[in-house]
Amino acid sequence: MTTKAIYPGTFDPLTNGHLDLLTRAARLFDHVVLAIAASPSKNTLFTLDERVALANDATQHLSNVEVIGFSDLMVHFAQQQKANILVRGLRAVADFEYELQLAKMNHHLMPTLESVFLMPSEEWSFISSSLVKEVARHGGDVTHFLPDAIVRALLEKLH
């Protein structure tokens, strides 16, 4: 049986922490969809098309990863993709309550969808897209936290 997993998020922008989880998910599952959510309720810095393009560039080296933008309910997207696994990251205890609620709701809506939680490597356990954008807005060096092309795109957007 082929395992197809979805790793969903806004990825505004995709960080090295996200790439760490994605790379590990790509080793665990036959096919992984990096599902980039439109997230109209969030005030994203990058458009959905820009986030998809940046993620495609950053994931070229992962042959079993496909980047797709979506605006559906996650379970509807999972059904369309014929995926049975949802990959989520847990950085800290604070993430757990929210992720537990999401997992329970997703399982209620689609009982065949299993949530699998991965913890980031220690090096990336404290970063988030929001934090990286905030540091960059104030002139801090974010080169360690983002792929090179995304650093350039972020700095162009902010300045």
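Positions of Cβ are set from backbone N, Cα and C atoms, glycine also.
Computed from a predicted structure; not experimentally measured.
What Swiss-Prot says about this protein:
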- Thr10, Phe11, His18, Gly89, Leu90, Arg91, Glu99, Trp124, Ser125, Phe126, Ile127, Ser128, Ser129, Ser130: ATP binding site (BINDING)
- Thr10, Lys42, Met74, Arg88: substrate binding site (BINDING)
- His18: site 'Transition state stabilizer' (SITE)
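The DSSP secondary structure for Arg88 (substrate binding site) is strand.
Restricting the binding-site residues Lys42, Met74, Arg88 to those with a CA within 10 Å of the CA of Thr10 (ATP binding site) leaves Lys42, listed by sequence position. Distance between Cα atoms for Ile127 (ATP binding site) and Arg88 (substrate binding site): 15 Å, as a whole number. Spacing of His18 (ATP binding site) relative to Arg88 (substrate binding site) is 10 Å (Cα to Cα, whole number). Arg88 (substrate binding site) sits 13 Å from Ser125 (ATP binding site), taking the CA atoms of both as reference points.
It is 18 Å from the Cα atom of Leu90 (ATP binding site) to that of Met74 (substrate binding site).
Ser129 (ATP binding site) sits 20 Å from Met74 (substrate binding site), taking the CA atoms of both as reference points. Other C-beta atoms found within 10 angstroms of the C-beta of Glu99 (ATP binding site) number 15, with every protein chain shown included.
Long-range Cβ neighbours of Lys42 (substrate binding site) (same chain, at least 6 residues apart, Cβ-Cβ under 8 Å): Thr10, Asp12.
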